[in-house]
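As recorded in TrEMBL:
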- 12-31: transmembrane segment (TRANSMEM)
- 69-89: transmembrane segment (TRANSMEM)
- 101-118: transmembrane segment (TRANSMEM)
- 138-156: transmembrane segment (TRANSMEM)
- 163-183: transmembrane segment (TRANSMEM)
- 189-210: transmembrane segment (TRANSMEM)
Amino acid sequence: MMVSFFDQFASPLYLGIPLIAIAITLPWVLYPTPSSRWINNRLITVQGWLINRFTNQLMLPLNMGGHKWALLLVSLMIFLITINMLGLLPYTFTPTTQLSLNMGFAVPLWLATVIIGMRNQPTVALGHLLPEGTPIPLIPVLIIIETISLFIRPLALGVRLTANLTAGHLLIQLIATAVFVLLPMMPTVAILTATVLFLLTLLEVAVAMIQSLCIRTLLKFMPPENV
């Protein structure tokens, strides 16, 4: 019986319990908890330094009011990077290949930025729907287009993350299957294919890390003056 390549994206069950809950919880167990001591071990020190540097780079485009988003966004980025990297291991499941999970991240953050912008600076927030200097006949059309674009942003964010990870996993599985099929018949071609598989795996590692920063795009929906 032929097994579908898309079976790897189905949420596995064990005794009727969805294992996606374990896959989501596991990243938080892997990181050591910082202690209250003045002197920590090397692992906790390096972890704290990396998180501080990442937070500084992430919050650099925003004013001081936007820094209250730092804890939420940095925690989300670390969480996504971890589950994306763990999903590249054999016999694992990647929760971020599920569109429902990605939309669960994208929609609340997008909605929060829109509501905060409308509450704090409604004039500036509504001004983004109409570029300055627009001819009068084009004003209704541009307002409709910008409004549709505003509501499509969370969908595009979730779909982009899902599609990139899904495509990468499918390519790895297809090329790995080709290596196993070609190895008994054409070893030379199988070795070349395995080289391509190795390079593709490195690329997928980079994609898993870069796509984890896709939620960072939500900051573009929140101009600094609207925070």
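Placed from the backbone N, Cα and C atoms, the Cβ positions cover glycine too.
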Using a Cβ cut-off of under 8 Å, list the residues of the same chain at least 6 residues beyond the transmembrane segment (138-156) that approach it. 103, 106-107, 109-111, 114, 128-131, 221
Residues sitting near the transmembrane segment (69-89): Cβ under 8 Å, six or more positions beyond its termini, same chain? 23-24, 26-28, 30-31, 51, 54-55, 58-59, 62, 95-97, 105, 109, 165, 169, 201, 204-205, 208-209, 211-213, 215-216, 219, 227
What parts of the chain pack near the transmembrane segment (163-183), using Cβ distances under 8 Å and only residues at least 6 beyond its ends? 5-6, 8-9, 84, 87, 94, 96-97, 189-190, 193-194, 196-197, 200-201, 203-204, 207-208, 211
